[in-house]
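Straight from Swiss-Prot, the features:
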- 246: active site, N6-AMP-lysine intermediate (ACT_SITE)
- 244, 251, 266, 295, 334, 405, 411: ATP binding site (BINDING)
């Protein structure tokens with residue numbers, strides 16, 4: 001497949017309003033691709049270059065992209081930036097700039113889908129002091145051979161933000177339709193492999209094998225997620241439940257085979273070198289080959305410390321030993337996904353818990369059975385007294401469903417409801433906040449698109465505001481007056497008093513009295529609130545269901 005064909009598919013998808021029509025279009029393309037092209041196309045059309053579990057990262061920021069395009073077009077970086085500010089879209093701006101170049105130059109080489117992928121692999125492999133120079137050289141070569149339409153989607157792909165509405169759910173359904181398979185079978189394989197590109201290839205080569213796909217050590221899967229809910233509703237719906245403390249820590253996944261172990265964050269990053277104490281504790285705690293799910297909790301004098309202490313340990317590459325002395329982390333393991341060559345994800349929680357107790361023992365988080373709301377609320381009160389966030393209320397026969405935010409697991413916390421939202425823009429401040437960002441535009445995800453739900457300015461101290469400016473200043477993609485568009489990479493936890501319907505935002509909803517709680521450095525965009533889950537929260541709110 002030529003990259004131009006891929007760009008044309010994306011252009012058609014971008015102009016298609018209906019979800020089913022989009023699925024039809026992608027499903028029609030998939031069978032025409034060869035075995036090498038198929039997984040690459042599937043990832044690309046979702047705006048991704050590598051599988052979620054892969055440690056490969058492009059490492060391309062807006063400035064590198066601006067420099068590459070400026071070089072190819074024969075202009076200055078500021079001209080590229082101005083074009084992006086005018087259009088509000090990196091892809092459209094690059095397309096326009098390349099259209100001017102096209103009138104005065106000849107193409108050197110046709111871009112092929114696989115050639116683009118191999119060049120992006122080369123970009124990701126660049127390391128050391130000269131890595132940025134090598135990445136720039138690769139980007140210049142790609143844009144130098146790109147037609148304007150190709151440039152639109154190449155620019156977005158480099159920033160891994162395609163904006164055409166093909167999220168995982170749509171692509172999963174397209175794979176099922178293309179190869180005439182039950183979508184549940186495709187979803188099962190996707191949960192285990194964590195790569196729809198590989199799933200698509202397997203669906204064509206050996207569809208019968210999809211049902212037998214299992215998770216593998218050292219290939220992290222997405223973590224099962226919880227919805228906000230109530231103790232009373234969970235017990236009313238399911239009878240006996242398992243109640244666990246909700247820790248103010250950071251999720252991790254521990255993989256072990258023999259004497260080799262790795263730890264992955266909830267963003268699926270390898271953080272083993274940052275957490276040698278956690279690795280050693282769990283390595284010594286079991287002789288079995290396992291994949292465990294748990295939470296790293298900071299403690300001082302036996303009492304839990306806030307999340308901010310935990311995150312200072314994650315992804316730290318320097319002075320790890322000195323930071324270990326300052327901040328003690330303990331693992332609280334609450335689930336087991338894999339044991340001695342066998343996946344346990346499809347087994348009920350009660351069985352998984354029994355296996356966990358048998359193979360680990362130490363460092364297992366306490367779990368309490370409850371059959372009535374009074375007993376569960378007593379555990380909830382105890383959790384708060386101990387300094388924890390609240391409780392998790394889990395259905396005992398629930399399977400482990402990677403990446404799914406469902407009601408089989410419910411989180412219960414006191415006070416204001418919170419949402420994890422993607423920061424997609426900001427507005428320059430005034431008065432005391434002049435010279436920095438004063439408010440931030442927040443969005444929910446919906447099948448590859450990010451839809452705004454409001455702005456937050458309240459709850460941000462001057463000190464935090466300075467930290468946020470440092471965090472975002474190099475993530476600015478476009479400017480328009482006082483407003484800027486940001487790379488959608490950072491997640492805010494935001495409190496609110498009410499969800500309202502609103503014509504002012506593309507999502508159709510707005511938050512009443514939004515308040516900044518914290519940056520969720522441990523969370524990826526894929527783990528943020530979806531439009532569907534926001535609508536469900538709105539429905540529960542209208543029905544008068546609270547958070548306790």
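Glycine is no exception: its Cβ is also placed from the backbone N, Cα and C atoms.
Worth saying up front: this structure is predicted, and the values here are computed from it rather than measured.
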Checklist entry - Could you give the Cα-Cα distance between residue 405 (ATP binding site) and residue 246 (active site, N6-AMP-lysine intermediate), in whole Å? => result 16
Checklist entry - What count of other C-beta atoms do you get within 10 angstroms of the C-beta of the residue listed as 'active site, N6-AMP-lysine intermediate', across all chains shown? => result 20
Next on the checklist: Please report the Cα separation of residue 266 (ATP binding site) and residue 246 (active site, N6-AMP-lysine intermediate) in Å, rounded to an integer.
Outcome noted: 16
Checklist entry - When you measure from the Cβ of residue 244 (ATP binding site), how many other Cβ atoms are you left with inside 10 Å? => result 22
Checklist outcome for this item: Students should find that the Cα atoms of the residue listed as 'active site, N6-AMP-lysine intermediate' and residue 334 (ATP binding site) sit apart, in Å rounded to an integer, by 11
Item to check | In the chain carrying residue 411 (ATP binding site), residues 6 or more apart in sequence that have Cβ under 8 angstroms from it | outcome: 226, 227, 228, 229, 246, 390, 391, 392, 393
